[in-house]
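Pulled from TrEMBL, these are the features on record:
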DOMAIN    28-251  domain 'RNase H type-2'
BINDING   34, 35, 142  divalent metal cation binding site
């Protein structure tokens, strides 16, 4: 699994896929869909679809796929290697959604929540493998939101498919377990090899599990916060954990029409953060480089 395309630009989204086996082009197949990284405040969310020829269901069962959440990282990597060795009857596709894309989508003017984003990503992956020539006849999906409504939605969009949506589908159907492993392996690798375009100075990269209730994650969020520009793109700034820290530690915005507000007295001006300190060794934020801005001392 090569994630170079995403790693070169980890601010948006990226779709990757394996070669389609001839068996999956020639005969009926089943699909399984699952995700990894829905809950963390750090890192991307990855959706995966895995597909297998119906004529090879016994062979798929023999691969001993399991829910990725019950496995160690080493076990997941080993099982993904097993899937890669079965490329004559198994294939997969991924859609990696960056933290930046997730947060900007959720905070846009038109309401677009995480469930809607998840549904659209899964629908896009189903269409992607169909367009690639996979002869899918049935699909199994781990639910997001009410299972019955989600199943009806997918049946309406793909009437030619037999659709099954279930809670904990990754522990019920081997093809969904396989998708779960693909998604989790991809997310683990993306997080481990994350390239920070921002200059974080002396901030240590010990951010724990990335889940909001992890003390290490909370501590890292507080340390990496820029008081003006907020968080690096590794952080989902729309999560309440991140927003709480922003509200308490970032610079408040002072609007021109609120200068007379007594509550604003003593608030440090945002402009004061743009003056470069002669003694500072820290490089300017990348925003200034991208906009070709330089600090001036006089006009």
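Backbone N, Cα and C define each Cβ position, glycine as well.
Shown on the structure are the features that TrEMBL records.
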| residue | record | Cβ neighbours (10 Å) |
| --- | --- | --- |
| 34 | divalent metal cation binding site | 28 |
| 35 | divalent metal cation binding site | 22 |
| 142 | divalent metal cation binding site | 26 |
Rounded mean pLDDT for the residues that make up the domain 'RNase H type-2' (28-251): 92
Check: same-chain CB within 8 A of divalent metal cation site center, minus 34, 35, 142: 33, 36, 47, 48, 141, 144, 169, 170, 176, 179, 180, 183
